[in-house]
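Annotation comment: TrEMBL describes A:12-33, A:45-66, A:106-129, A:136-161, A:167-186, A:198-218, A:259-279, A:314-338, A:358-378, A:390-408, A:465-487 as transmembrane segment. Positions annotated as domain 'DUF112' by TrEMBL: A:19-439.
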Amino acid sequence: MYSDLLHALPDVFAWTNFAAVVIGVIAGIVVGAMPGLSATMAISVLVPFTFGLEPLVALGLMAGIYNGAMYGGAIPAVLLRIPGTPAAVATTFDGYPMAQKGEGGFALQVAVVSSSIGGIASAFALMLLAPPLSKVTLLFGPSEVFWVAVFGLASIIFLLGGNPIKGLISACFGVFVSVIGSDPIYGNDRFTFGQLEMLDGINIVILLVGLYALPPVIDLLETPLKTDGVNSSKLGTEPIWKALPRMNYWKTWLRGSLLGIWIGILPGAGGSMAAFMSYNEARRTSKNPEKWGEGEPEGVAAAEVANNADTASALIPALTLGIPGTAVAAVMLGGLLVHGLQPGPMLFRDNPDIVFGFMWQFLFGAILLVLLGGSLATNSFARLLNLPRPLLGSVIIVLMLIGVYSIHGRMFDVYLMLGFGAIGWVMDRLKFPLPPVVLGLILGGFAEENLRLALRIGRGDPMVLFQNTTSLILVALTVSVVVGPTLKKRFIDSRKKA
Amino acid sequence: MTESRKSRLTRPETLTAVGIILVAAGFLVPTYDLRAISALLPAAMLIGLIVLSVFLLLADQRKASAGEDAAPMTKAPKRVIGAFLMIVSYALACDFVGFYVSTAVTIPLVAWTFGYRSPVGLLIATVIVVGTIWAIFDFGMSQDFPTGRFWGR
């Protein structure tokens, strides 16, 4: 089962594949360090540029960006108390007080070492857990695959928190977009309105760039951020090898890694939750909890190890079942699709070199974090905070246009992307979750095809969808995901009243 | 506390829900011409969107009756509208005038309009970005960009 993992290793060391991870990590740190930009946005903008690249080069870039951005978010969190990414909120609690005391450099070094350890643990979890899970899912037939898709959508809608009605609207929109184009079985046009450009359906990249890249650009232009650069000019950084002996946080790193991995696997949770839980647990078990919040380096370690430990583990359900655990994982699924790699059970059987190579790239990306985000680089990356946001916004607009135009070489796609961007901005402002749209687009067509296949096998009898144990387990899981949060809320309310 | 808007029907969520209902109803019409099995999923999703939007609308109106104010979509509507218009204009300019000219104008124009006022910085950034795009995409990857419908190309 694990022999494919070792076979994939030599490919990862091809210089182009390795260089892709290095470039990805650097780009990820840059993106993460810029408040308002995120790994999701960076990967969305990147995906169209990877069309002409070998799959492992493209995936290496994505793995590097994901790892780098999760650490990069700590830079403004420590220096400005503005989390560069949502997952870095807990890093501000102790990181910023450290920076005010002139220990910003050490805080960033703790962050980079902890991020690296979390990323390494997460990559190992992906390598160990995904292959056996994929063996199980290979036994699935059309009705089970249909229920997996339904379960995936239900989990992302109901476990994401917030308003389930908005989550459902997002998912319905995504599934609807997935049916635009030719019918997969009969070939008749659906909602193309005579546009030849839409016969093949809506390319996922157009949707990703519109939904995830346009709203942050509008934010960059809407609210100019003024930084005084005070904390970034007094980092007080010493070489990282001198700082390492001061970092004795093994228990925190272990606990945070396990929490991050577990939360990453759960659909809809994500890095922020992992970081908060790890921070709270570390504080609860600390000998000096009163010092936390006033510049305790272990607080930075707890938050950063957990938010990086959920990176690769979020891909366990994504790669094996096609259900992403986080928004970034959903966008990465889009990246896989662009290269003809359909996430799910068949991926491990048909493309073992690529999927296992991707796992190695996650591991190397996490290791490279320490080398690239070390003392010298930390100083340089901290200066990124002074980049003018309007200029950055205008450059991203150009990159979005190039990326989308180059998919098919036509402006129609650009206009479509702008339409999705406007919808994405409204959804973002009204707090409609975006991951269900992407998941709806990915799983909608997949679910429809398998539903129709299952119905054909059952000669039109819908009971074919409930005729085996796996399907029934998946139905039960879906029901529990839908009903679970409501029951939990009622239980908590009744206990409060009691 | 009372709703501060002139009409509670202009609350952002209410307007969005009404918009979704109208668009989804419009998209339902073509499903009648499809085979039943082809129309199953799209019709289910569109009906789902309509029903869910009704729930959203009712929930939002209930909040309005309770005097809960709806948060504004943006604190700087002029900047947001300006940003959208500039992005759309840039896409149209690429289509009709050509990619390189539009890009060379858009980068400094957008950055200047939204607050970055260093002429030297703008010039350097524009030259670097346009030059890099040309070197990587045009020269390195032979990627063709729109040359402009106005010029008949």
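Including glycine, each Cβ sits where the backbone N, Cα and C put it.
Caution: TrEMBL annotation is automatic and unverified by curators.
Remember, it's a predicted structure, so these values are computed and weren't measured experimentally.
Only pairs six or more apart in sequence are counted, and the transmembrane segment (A:465-487) with the transmembrane segment (A:198-218) gives fewer than three Cβ pairs under 8 Å, not enough to call it a contact. If you count C-beta pairs under 8 angstroms between the transmembrane segment (A:198-218) and each of A:45-66, A:106-129, A:136-161, A:259-279, A:390-408, the highest count goes to A:390-408.
Comparing A:45-66, A:136-161, A:167-186, A:390-408 for CB pairs under 8 angstroms to the transmembrane segment (A:259-279), the maximum falls on A:136-161.
Away from its own ends, the transmembrane segment (A:390-408) comes close to residues 34, 37, 45-49, 51, 197, 203, 205-206, 209, 213-214, 216-217, 220-221, 224, 414, 417 of its chain (Cβ-Cβ under 8 Å, at least six residues beyond either end).
Against the transmembrane segment (A:45-66), stretch A:314-338 has more CB pairs under 8 A than any other of A:106-129, A:167-186, A:314-338.
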